[in-house]
């Protein structure tokens, strides 16, 4: 099981769109993933350690190093398949390299 | 217009009599199927809205049930008249989506967007269907105050709608700059948040002119955020404010703990239920977006999404954290305010606009934000009777709670637009010279301020363009 973290302003709208889209697409591609969606403000260094991939809308500056692979998931929100495709491809590559 | 409403009433009367959750379940599922969403997905969406409305009602019941009596005691023991419970944005979004008029305003804005794109009056395709509620609530307020004058509500929604699309175009270069997006990135937003930009810019220009030295004292936002850690998260804030109300309301120790934990729990649960309700609007959003992008094939445009892509900037969170205690103090002393901040105390309805106008200068954001907070508190106070009544009418308010209990959102986006909606609504219910004069003056100031802001933003965007050109010519010299 690959654990992915996504985030947005309230942990309600954008992040849940990303969560739903990633879970659906990665399961279709045959990967076992679980995505959590939280308020970006509430992310701590300890919290990130629990995850394999971080998928924010755009890369944030937390004031600490992010030590897991980052996939910028913003294009998923455009709701246009040809634009979200590269995000899913990048994610698939990383999942393969993690090899869990 | 009246004929249409009469006709609609006859058809929809049996539907309306079912109450809001069943009615919206049927309408939303039907509309999604009309947009060629698969029936199973459409029904899933409709059901999620119905359970979200029911769930919000349950949590509002728990929150007001324990806070309203404590707030009454708080008023008695402190003499401070803060009796309105601040539930934050998620219940208000759900309540607004519980009204069928929201679907009407949605349709109106989709058509407006397509027309503006065709006539090249905007370059933004808005796919953020969910946030239509921010403009829909403005329309609902006009309807509430005008005894359902749909024409006035439609005109005001269209006017602000046009301005929001123009604003989305204007802000694009700033988004590119602040978030290091390449110019090929289409991200922008039409969010109501940023309709406060003109007013914020007035204050920003005053600082430019008279106090430019304050920028020297700016500090790093990420360090502050790191220090705050979990202490600033939703449930923690619910816990403090519950304890705060309990202490000042002179409750027993046991009761203070109960209030603290109830506050924390309700704020968390509002978010959880909020996510059901995003799932509810999702099939409809997808249907509408597919419909729009099919009709606009071959055209490149910017894409309007929800605001949190700017949430990657640490400044907006640092400022939200700093403004929270400031807001609590202002709420206690501000004449005319009746809200005790709770669910809306992290002012995400304000800090994104501060970020974009000041381009991330933290000290300016805090100072200007402090001046903006009263506007939000007053606006939240005046719309409380409307919010409470609408919550009741859509079935998101528990029965058996005293009529004097009011709910609202303390930092609801678009505070100025709420005043405008109330003013326009009053003209609809009582057409006289005084009300007409008020509307004309208010609208004139609102539009002129926006026009001035457009000019300033065009200047800013020109500078961005020149900076890019200079960079590329430097490269050629080398």
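Positions of Cβ are set from backbone N, Cα and C atoms, glycine also.
Of the listed segments B:189-217, B:305-333, TrEMBL assigns transmembrane segment to B:305-333. Per TrEMBL, the range carrying the annotation transmembrane segment out of B:20-37, B:74-91 is B:20-37. When Cβ distances are compared across the two stretches, the transmembrane segment (B:235-253) makes contact with the transmembrane segment (B:339-358), since 3 or more pairs at least 6 residues apart fall below 8 angstroms. Of the recorded ranges B:101-119, B:126-145, B:151-171, B:305-333, the transmembrane segment (B:259-284) has the largest number of C-beta contacts under 8 angstroms with B:126-145. Only residues 6 or more beyond the boundaries of the transmembrane segment (B:305-333), in the same chain, are considered here, and those with a CB under 8 A from a CB of the stretch are 80, 82, 127-128, 130-131, 175, 178-179, 187-189, 191, 193-194, 221-222, 224-225, 228, 232, 237, 244, 339-341, 345-348, 350-352, 354-356, 360-362, 365-366, 369-370, 373-374, 377, 410-411. Cβ atoms under 8 Å from those of the transmembrane segment (B:101-119) belong to residues 27-28, 31, 125-126, 129, 132-133, 135-136, 139-140, 143, 153-154, 157-158, 161-162, 165, 288, 292, 295-296, 299, 301 of the same chain, restricted to positions at least 6 beyond its ends. Contact between the transmembrane segment (B:126-145) and the transmembrane segment (B:20-37) is not supported, since fewer than 3 Cβ pairs fall under 8 Å when only residues 6 or more apart in sequence are counted.
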